[in-house]
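Heads up: the structure comes next, in structure tokens.
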Amino acid sequence: MKLKISLIAPILLLFSFFFAVESKCRTSCPLALASYYLENGTTLSVINQNLNSSIAPYDQINFDPILRYNSNIKDKDRIQMGSRVLVPFPCECQPGDFLGHNFSYSVRQEDTYERVAISNYANLTTMESLQARNPFPATNIPLSATLNVLVNCSCGDESVSKDFGLFVTYPLRPEDSLSSIARSSGVSADILQRYNPGVNFNSGNGIVYVPGRDPNGAFPPFKSSKQDGVGAGVIAGIVIGVIVALLLILFIVYYAYRKNKSKGDSFSSSIPLSTKADHASSTSLQSGGLGGAGVSPGIAAISVDKSVEFSLEELAKATDNFNLSFKIGQGGFGAVYYAELRGEKAAIKKMDMEASKQFLAELKVLTRVHHVNLVRLIGYCVEGSLFLVYEYVENGNLGQHLHGSGREPLPWTKRVQIALDSARGLEYIHEHTVPVYVHRDIKSANILIDQKFRAKVADFGLTKLTEVGGSATRGAMGTFGYMAPETVYGEVSAKVDVYAFGVVLYELISAKGAVVKMTEAVGEFRGLVGVFEESFKETDKEEALRKIIDPRLGDSYPFDSVYKMAELGKACTQENAQLRPSMRYIVVALSTLFSSTGNWDVGNFQNEDLVSLMSGR
């Protein structure tokens, strides 16, 4: 009966999905705002530290997100106590079907959960939330420990109004009321109450969600999550069909199982990869005969979580013995082949045994780290050669879209989205994993694009782990044109990835490679960073930048958005690693940029003069 139960489980899961098809957390939104009440000598520096949104030294490039949303602040060093500061942050789906963002807080002397919630986070979170999301007892929080601080957020509700798409997470205070918040926000009391049903605005505590304004003072409209997906009715139809099919499979397979129990193994290999990978127990390559001849002890001893072990026979069969017609790419450590394995499209990287360090690096990272903007590892094989099996990402890599021929040019809004997705993937491995990982080979060729033109960071073969905020000394590794200056001395830190990401931002703007051929003469090459640095030195910086913007964009871009991305690229590629922003800052900056760029669609403008005005030309 064990087999029968295992088949019923996914069916029950599908039933639960059917009844919960209208999820409260169908999608995230690029940006939300936190209302931080200033008291007891709180400064922007404190807010910056607690909510991880850098101010200095990047405000010289006029890209500071806090100041953009607080035009009333004339001097960041002198702010009136008792006022509120709006702090932008990403609003993301969290486990448990709700929206929020996890900030990291380093515990200081005399900190308690209550003090952190009230004093350090201005009631944007609660003591109960901190206790629930951190392993430390309330009476013994270690000094310098890192706390996960959840701040909830909202992306709006089109059933209430489509006029509002940016929301402020607003902690209520004793002096607040429904009418006072309506006056200060410019939103009717009825709308506020409908966005916060059942909430008593006069309670003096708790969180409400208030429509917010963009840096131009306008209310961004709600962006429906349905535009890129399918309706609930379609989903319901698909689910019902799948359930019927699974019931039929249950009957056939269980009948065959009872008839011949020896065929149980063939059933195991028929389970879809995504299901099997999610439920595979942690195994060791040393046990169970998984190691093949020639496998090094280091490989044989690695522990693998949630990954499928494939046989060489199965991989060879799926690729016609690794026929060239199945080859879809070639990297520094091996070739990549397309395959269909157990009903799922996959990409197989075949590596020589000499690349065991790179194999282990990818295996260790991708079996422990899971994020929507990181490529998913399905499984591995260590017979004869080293094989890693990934999810197949249909649209190739970013470099192919920017530098290759035969593809439609990426619209500017998609370029900003790809930059934001990639930044979120990197922020995750830099900020939210223990230990912290440094990718060390960020480049456009290692950013994969799916069918919806969303990005996933891939190729973790050079990844190194470091202590939080730390660095390590290693050999210089990476790709020429993307390597930060300090890598010459073997220094590795998260700022190495930041530098390379800055080069990718320049690529998104110009569609040029990281190394540019300046003339037809032999040897006339220059780094893309140098090309942009030269443009920033020109008297007319804007005109100089226009000359290197991808000509395939034509007039279909808002110049202000391009200029701001170029300035962010400049901040990322500063020679001094300490002056580069963190990936957390970059995510907030790009979220802000995407929020303003996403509303811009040149296709809505038929008048050529309007098009020129919008593009800044």
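In case you wondered, yes, glycine gets a Cβ from its N, Cα and C as well.
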Residue from N40, N260 to which Swiss-Prot assigns N-linked glycosylation site: N40
Annotated residue, phosphothreonine, per Swiss-Prot; candidates T146, T519: T519
From S45, S180, S274, the one Swiss-Prot labels phosphoserine: S274
Integer Å distance between the CA atoms belonging to P142 (chitin binding site) and N102 (N-linked glycosylation site): 19
Among N52, Q109, D111, N140, N152, which are recorded as recorded positions, the nearest neighbour of N123 (N-linked glycosylation site) by Cα: N152
Integer Å distance between the CA atoms belonging to N52 (N-linked glycosylation site) and D111 (chitin binding site): 18
Tally of residues which DSSP labels helix, strand or coil - the domain 'LysM 2' (108-140): 15 helix, 0 strand, 18 coil
N52 (N-linked glycosylation site): tally of other CB atoms within 10 A of its CB: 21
Most distant Cα pair in Å, residues Q109, E110, D111, T112, Y113, E114, R115, P137, A138, T139, N140, I141, P142, L143 binding chitin: 16
Least Cβ-crowded entry, counting other Cβ within 10 Å, from the recorded positions listed as N102, N123, N140, N152, T479: N140
Integer Cα-Cα distance in angstrom, Y390 (phosphotyrosine) to P142 (chitin binding site): 39
